[in-house]
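Asks: Have a look at the structure that comes next, please.
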Amino acid sequence: DGAALRWCITGALCASFLGLGMSIAVLGPTFPNLAANVRKNVSDIYYIFVGRSLGCLGGSMVGGVLLDCMNAPTLLLALSMLGTTAGLYAIPWCKESLLLTILMSVIGGSMGILDTGGNVLALNTWGSEAGPHLQALHFSFAAGAFLAPILAKMALGGSESEELAGAEKTNQSVLKSVPTASAASTTPAPKDHHDEDFLWSYIIIGTYILFTAIIFFVLYSKSSSAGDKSKASVQKGRLAKYHWPLVGLLFVFFLFYVGAEVTYGSYVFTYAMVFAEMTESEAAALNSVFWGTFAVCRGAAIFGAAFLSPATMIVMSLLSSAASSSALAFFAHYRASLWVGTAVYGASMATIFPSGISWIEQYTVVEGKSAALFVVGAALGEMCIPAVVGYLQGRFNHVPVVMYTAFATSVMTVLLFPVMYKLANAPQENDTKEVSDSETRKALLSNSRLTEDEEDEEDVREWNDADFEVIEMNDKLKNSLTDTSCRMPGDSPAEVSLQPHLDNVLGNPPVVAGGSPGRQNGNVD
């Protein structure tokens, strides 16, 4: 029953992350409809992305604190998904831009709680076996981001040109990206988008997330929760010697990694059009290659994590990222290098985040606050690095800033991981004390054994000396008695009187009536 319940928790988490991906990615193709709803141009409501990102940051931090305070992670996740459902139901009828931003912040906060709590619950449920399950969670997120635009277009039924524009915006929001500089972002909202057909996509996604929230309520109602049992065992684990420095370095590591991932996915279309002089269809295909290899490798990592350790997967990903980013930064003017480098770069980005969480769990306890810092680092990276790249690209039009950024972030992650590995494997103080105590005990035991051996040798020497003295005395007595008997002829009284004494000395005492063996032994001694 416990194993079945743990698998049910994994299934519910995958379903929730599928809904998380859909609720994030649906904003791209429906963005013009939302702008028309609030009677604004698309370029005038960019701040809803900022509101959602800030909500995600706040939700991650609040969720980390609540996870440490509450012993019911399934209940917290169910409540967060209820908040997401309420926001998705309200968005299509929102007519004010300020209210729309508030709703986006609420949804972002719920998503931050779900992102933090989902990773922690998977670790608490499976412990050291959580690697494949974490990979499955993040693959479900990528699958949801892929399905959302299809669902939105089925509800909208837009034209081919609208699909291309929506696909470009979806690439910017697949992983909670902030808006980037593109021609589509300055386009006014079309008038024919005032119809409310797009609301069905939000209602369908909201209903799906509501269904997953009900599943988590059912799991919470079970008194013997596998997650709660395993959490108690995890809390008993020891923290690493450099726990918080290790968490801080992984925070920076995720900031660079996720920032590079979102930046490349957001700007590769523009790079292909401006620097590589590709057509619009070729640039869209290049963008699809990046996200396609990203999603495929996340799915393959579910099975790879069952055979490879998290450290091995991270090293493979970092080496692939360094090689592909080097090719993109210095040889992107070759078409083959651009296509192959983009494919390898997308594949190398797929497994780092879930593998990083699985890796640190092997060395220290990952609590709610720690997981919240990881999510916050990822969110800051996807907010700040794309914005900085967009600013620099506007200032230096003839420099491929996005490619140099990919190379620089790869170098940072390659340098950070060995430092984290060194800190994670630093010996504990308790371990050092135990080693010294054991060595002291061994030394004392060896000294005591040597002392006992020396004492035994001394006793043996003393007994040997005593034996030789007794033998010499016996020989002397025999000689003296023999000489005396030779000088006294016949059976004289002296010989008769001396015979018992000789017998006593030679160890042949007479039997004493009523004498015990103890007394006989005493006479012999």
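All residue numbers here begin at 1 and follow the chain in the order shown.
The backbone N, Cα and C atoms fix where each Cβ goes, glycine too.
Just so you know, TrEMBL annotations are computer predictions that nobody has curated.
When I checked TrEMBL for this same protein, it listed these features:
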- 430-442: compositional bias 'Basic and acidic residues' (COMPBIAS)
- 452-463: compositional bias 'Acidic residues' (COMPBIAS)
- 428-463: region 'Disordered' (REGION)
- 481-525: region 'Disordered' (REGION)
- 7-25: transmembrane segment (TRANSMEM)
- 45-67: transmembrane segment (TRANSMEM)
- 74-92: transmembrane segment (TRANSMEM)
- 98-122: transmembrane segment (TRANSMEM)
- 134-152: transmembrane segment (TRANSMEM)
- 199-221: transmembrane segment (TRANSMEM)
- 242-269: transmembrane segment (TRANSMEM)
- 315-332: transmembrane segment (TRANSMEM)
- 338-359: transmembrane segment (TRANSMEM)
- 371-389: transmembrane segment (TRANSMEM)
- 401-421: transmembrane segment (TRANSMEM)
Asks: Can you find at least 3 Cβ pairs under 8 Å between the transmembrane segment (74-92) and the transmembrane segment (401-421), where each pair is 6 or more residues apart in sequence?
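Replies: Answer no: the transmembrane segment (74-92) and the transmembrane segment (401-421) share fewer than 3 Cβ pairs below 8 Å.
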Asks: Other than its close neighbours in sequence, what residues sit by the transmembrane segment (98-122), given a CB gap under 8 Å and a spacing of at least six beyond its ends?
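Replies: Those are 9-10, 13, 16-17, 20, 23-24, 34, 37-38, 45, 47-49, 51-64, 66-67, 73-74, 76-77, 80-81, 83-84, 86-88, 90-91, 130, 133-134, 137, 176, 227, 357, 366-368, 371-372, 374-375, 379, in sequence order.
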Asks: Can the transmembrane segment (338-359) be said to touch the transmembrane segment (242-269) if we require at least 3 CB pairs below 8 Å and skip pairs under 6 apart in sequence?
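Replies: Touching, yes - the transmembrane segment (338-359) and the transmembrane segment (242-269) meet the threshold of 3 or more Cβ pairs under 8 Å.
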Asks: Where among 7-25, 242-269, 315-332 do we find the most Cβ pairs under 8 Å to the transmembrane segment (199-221)?
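Replies: Going through each listed stretch, the top one turns out to be 7-25.
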Asks: Which one, 7-25, 315-332, 401-421, has the most C-beta pairs under 8 Å toward the transmembrane segment (242-269)?
Replies: 401-421
